[in-house]
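TrEMBL has this to say about the protein:
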{"type": "BINDING", "residues": "10-15, D35, R40, 91-95, 132-133, E166, 277-280, R347", "note": "NAD(+) binding site"}
{"type": "BINDING", "residues": "162-166, 221-225, R261, 268-274, 339-340, R443", "note": "substrate binding site"}
{"type": "ACT_SITE", "residues": "C277", "note": "active site, nucleophile"}
{"type": "DOMAIN", "residues": "333-448", "note": "domain 'UDP-glucose/GDP-mannose dehydrogenase C-terminal'"}
Amino acid sequence: MMIKNICCIGAGYVGGPTMAVIAQKCPHIKVTVVDLNQDRINAWNDSDLSKLPVYEPGLDKVVEEARGRNLFFSTDVDQAIDEAEMIFISVNTPTKTYGVGKGMAADLKYIELCARQIARVAKNDKIVVEKSTLPVRTAQAIKDILDHTGNSVNFQILSNPEFLAEGTAIEDLFSPDRVLIGGDTSSEGQKAIESLVAVYANWVSRDKILTTNVWSSELSKLTANAFLAQRVSSINAMSELCEKTGADVSEVAKAIGMDSRIGSKFLKASVGFGGSCFQKDILNLVYIAKSYGLNEVADYWEQVIIMNDHQKRRFSKNIISTLYNTVSGKKIAFLGWAFKKDTNDTRESAAIYVADDLISEQALVAVYDPQVQETQILSDLNYLESRTEMENKKYIHVASNPYVAVENSHAIAILTEWDEFKDYDWQKIYDSMLKPAFIFDGRNLLNKEQLENIGFVYQSIGS
Ligand code: UDX
Ligand code: ADP
């Protein structure tokens with residue numbers, strides 16, 4: 001089937017950029033991205049491109065080129081489903097916060113709602129593509145719902161997991177390492193796979209488009225994220241050992257990374273990984289393994305999360321012990337709140353947990369992040385439910401400028417590796433702080449020698 005109309009349900013960090021790129025690369029396909037959230041859709045339609053709801057380098061240019069030509073953002077979900085031959089489901093699948101599997105399993109409520117809506121609206125055959133990361137065998141659940149509509153519409157379910165990383169989403173979409181498409185082994189299933197292959201083949205070479213069965217595709221996504229997160233936890237585990245032994249984790253990472261079997265990427269020790277995927281996907285993997293009685297498999301992967309939690313906690317503990325065992329009433333400036341640079345996404349960011357620990361010790365936390373707004377920072381802290389919103393507001397202050405954030409502070413903590421932090425006037429910052437002036441660099445971003453020459457007491461991760 002030649003695809004002329006695509007609908008994507010969910011205009012978030014995955015759906016928005018992915019569809020924008022598909023539309024830009026395939027001018028002959030009409031792409032409509034729908035979402036229930038009117039504010040989000042308004043922001044995607046804003047003529048001021050700096051107001052797009054997702055901050056991604058290069059995204060504004062792609063949207064500018066395609067929007068209104070063959071890329072549309074709307075809240076009319078039914079109409080977009082009706083018109084499309086291919087429907088991507090790109091809604092959020094957070095970790096469950098209630099009931100069976102609470103804190104572990106993926107909450108599939110939004111996925112099921114989408115499937116039911118497609119079932120209700122569809123009048124002709126559709127290919128439904130899972131884009132969100134899902135537990136293995138979710139495709140079967142979607143298929144069950146769709147096949148019981150009783151309106152003789154045929155549905156093919158494909159799994160097409162997204163491997164883009166935030167901050168480099170546009171680059172990752174333009175030249176992916178691979179595109180993975182899983183589908184049914186029947187001839188109908190193979191035809192559906194070919195339709196989606198043809199969409200990507202507009203800009204991705206065919207040898208990079210892998211096709212598998214649905215279950216392999218679903219599990220590959222969880223596996224890829226688990227392996228990536230495991231590398232970060234592995235190097236973070238070594239960082240603590242480095243601090244005790246006099247080794248330097250950056251040197252160790254370089255030395256092992258030159259082994260072509262290990263490779264040099266994803267070996268940066270940090271205050272801990274964040275983001276919407278790693279923790280959620282591993283918890284989900286652990287839950288699935290346990291549900292099959294594979295307790296050793298579950299324990300093995302759970303350790304990646306335990307290590308990550310430890311890394312965040314030991315960062316805050318070190319700040320407290322270094323500041324003479326009390327931070328009560330002391331101002332601590334945070335540079336960065338996003339879970340990594342070049343994104344405004346804060347989901348599971350280490351900054352949230354470090355701030356929460358310090359506030360529990362009555363520290364006054366002043367935050368500056370170039371892309372994250374005050375309302376988001378407050379809502380991240382409130383979500384933890386460690387204290388009331390009123391109390392959080394007493395302890396957290398969001399500054400619109402880094403120099404204001406650091407003024408009269410006892411210490412600076414670097415939580416995100418934004419490039420601009422390297423170019424600040426560190427002498428001016430030093431002069432405006434209380435002495436001794438401490439820097440806790442959770443990203444090993446700054447120049448130790450330069451800062452120590454100015455007079456800072458500088459501590460990084462793993463040395
Ligand atoms: C990840 C996967 O990389 C991507 O393929 C998948 O589609 C979604 O999940 P993302 O969460 O956007 O992408 O960012 P990623 O670059 O993987 O970073 C995740 C976290 O790990 C960040 O907090 C980052 O700062 C941290 N990290 C990464 C490190 O601490 N050290 C590293 O060496 C690499
Ligand atoms: P991701 O990182 O997976 O893209 P986001 O939370 O950024 O996750 O985006 C998911 C989007 O899906 C949200 O904007 C949410 O409003 C939208 N959404 C969730 N359920 C539905 C639904 N049933 N119909 C339309 N949009 C939905």
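From the backbone N, Cα and C atoms, a Cβ is placed for every residue, glycine too.
Keep in mind that what you see is a predicted model, and the values were worked out from it rather than measured.
Recorded residues A165 (substrate binding site) and Y13 (NAD(+) binding site) have their alpha carbons 10 Å apart, per Cα-Cα distance.
With a cut-off of 6 Å between Cβ and the nearest atom of ligand 2, the binding-site residues Y13, D35, N92, E162, Q279 reduce to Y13, D35, N92.
Highlighted here would be the binding-site residues (Y13, D35, T95, L222, A269, Q279) whose C-beta falls below 6 Å from ligand 1, but none qualifies.
Using N225 (substrate binding site) as the reference Cα, a 10 A cut-off selects none from the binding-site residues G10, D35, N92, T95, E166.
Summarising model confidence by region, the domain 'UDP-glucose/GDP-mannose dehydrogenase C-terminal' (333-448) averages a pLDDT of 97.
Cα-Cα distance from E166 (NAD(+) binding site) to L222 (substrate binding site): 17 Å (rounded to the nearest whole number).
The secondary structure of A269 (substrate binding site), as reduced to three states from DSSP, is coil rather than helix or strand. Remark: G10 (NAD(+) binding site) has V33, V34, D35, F88, I89, S90, V91, N92, K131, S132 as non-local neighbours, by Cβ distance under 8 Å and separation of at least 6 in sequence.
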